[in-house]
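J.: Annotations for this protein, taken from Swiss-Prot, read as follows:
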BINDING   449  heme binding site
CARBOHYD  265  N-linked glycosylation site
CARBOHYD  352  N-linked glycosylation site
TRANSMEM  9-29  transmembrane segment
C-alpha cells in the first residue's frame with residue numbers, strides 16, 4: 001500500500017509532530033468556529049437580525065449597558081435592523097406597541113412571560129423578595145393584592161394632605177433659594193421633593209431635604225446603587241469576569257457590599273421605628289398593616305418600602321425636570337401651560353389633585369415628557385414561556401429573554417412623527433400618525449406600576465402650584 005492508496009498516511013507524520021500546546025490551540029479554534037457557526041446558523045434566534053457579534057457574545061450588550069448608553073444604542077440598532085433586533089445570544093429587543101402588549105399584557109390563552117433573572121439582583125436582606133423583584137406570578141399577585149390598598153383612590157385621597165405638606169414647602173423654598181443670584185438647580189430640588197414625599201408615605205416621615213435644601217446621604221447611596229445594577233447584570237452574564245473583577249478591585253466590591261448593607265439596615269431601622277410607634281397616619285405602612293397577611297415579615301415590609309422609594313422618586317423627578325426644560329425652550333408651550341393653570345385657579349389654596357388632574361394641557365405635557373425622555377429608559381426583561389410564543393407576529397423560542405426598550409420605541413419614526421420634537425399637542429389631537437400605545441412609561445398588564453396614580457398626583461400638584469406662583473427661565477443657556 002502506498003500513500004496514494006492511503007492519503008491519510010500523509011497526515012500522520014504531521015499530526016504526530018504537533019505539540020500539546022499547538023493541538024490545544026487548534027482544538028480551541030475549531031471549538032470557537034463551531035460555536036460561532038451554531039450561533040449564526042442553527043440557534044433558535046439565528047433568523048433575527050442584529051450585529052454579528054451579538055449572536056455569539058454578551059460583550060456588546062454589557063459594554064453599552066455599563067456605559068449608560070444602551071437605550072440609545074438600541075434606538076440606533078432598531079433604526080438599522082427594524083422592529084426586532086438580536087442584542088445578545090439569547091436576547092431580543094422589540095420597539096412596537098404590539099410587542100408591548102404581547103410581552104407585558106395579559107393575553108387569554110397564553111402563558112405569562114415571567115421576569116428574567118435580571119430581577120434577582122433586587123433581593124433584599126435575608127433574601128426577601130419585594131413587589132418588584134418577585135418573579136413568580138402567583139406570589140407577585142399575592143403581594144399586589146395586599147399592597148394595592150395603599151394605592152387605592154380612597155387611600156390616595158387621604159394621603160393628599162401629606163403630599164401637599166411637602167409640595168407647599170417646596171414652593172416656599174423655591175422663593176428662598178431661587179431668589180439668589182444664579183438661580184437654583186431645579187433637577188436637585190425636584191429630587192428633594194419627590195424623595196421627601198415618598199419618604200413620608202413609605203416610612204411615616206420625610207427625609208427633610210426640601211427643608212434643608214440638602215440631599216440626604218441615604219438618597220445619594222440609592223442613586224449610586226441604581227447605577228451599579230449594570231455591573232451586577234454583567235457579572236451574571238460573565239461569571240469569570242465577576243471573579244476577576246473581585247480579585248482586581250476588592251475595595252470597590254467591598255464598598256458596594258457595604259453600601260448595600262447600609263441601605264438595607266437603614267431601611268429596616270426606619271420600618272422598626274415606625275412599627276414601634278403605632279399610628280393612624282394614612283400612609284402606606286398604615287394601609288399595609290391594616291391588610292397584613294400572616295406571611296408578611298417585617299423585613300419584607302422594609303423590602304417593599306425600599307422599592308417604593310427607589311421607583312417612586314427619581315422617576316417622577318426626571319419627568320418634572322424634563323417638562324421644565326422644554327417649557328423654558330418653547331415659549332408657546334410655556335404660555336399655554338401657565339395660562340391654563342392660572343385661568344383655572346383663582347387662589348393658590350384652590351389647587352388640589354382632583355382639579356389639577358383635569359388640566360388637559362398639563363396632562364399632555366407630562367405624557368410628552370415621558371415619551372421623549374422616558375423616566376425609566378431601561379427595558380424590563382421577560383422570559384418566553386415553555387413552547388415558545390408569538391411576539392408582534394414573530395414566533396420566538398421558549399427561554400428567550402425579550403423586552404421592549406422605551407427609548408427605542410418612543411423615539412422611533414415608525415411610532416411617532418418627528419419623535420425628537422417636543423409636541424404636547426400630539427396627545428390632544430386625534431391623528432393617524434402617532435402610535436400612542438408605543439409609549440408605556442408605567443408599563444402595562446399585571447406587572448404595571450402600582451404607583452402610577454400617585455405619580456400623576458405628584459406631577460400635577462408640583463407643576464400646577466409651582467407654575468401658578470412663579471415665572472421660570474433657563475439661566476444656563478448652554479444646557480441642551
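Residue numbers in this text run from 1 along the chain shown.
Heads up, the Cβ atoms here are built off N, Cα and C, so glycines get one too.
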J.: Here are the glycosylation sites: 265, 352. Which has the lowest count of other Cβ atoms within 10 Å?
T.: 265
J.: Compute the C-alpha separation of residue 352 (N-linked glycosylation site) from residue 449 (heme binding site), stating it in Å without decimals.
T.: 23
J.: Near residue 449 (heme binding site), which residues of its own chain have a C-beta under 8 A away, given they sit six or more steps off in sequence?
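T.: When sequence neighbours closer than 6 are ignored, residue 449 (heme binding site) has 311, 442, 443, 455 within Cβ distance under 8 Å.
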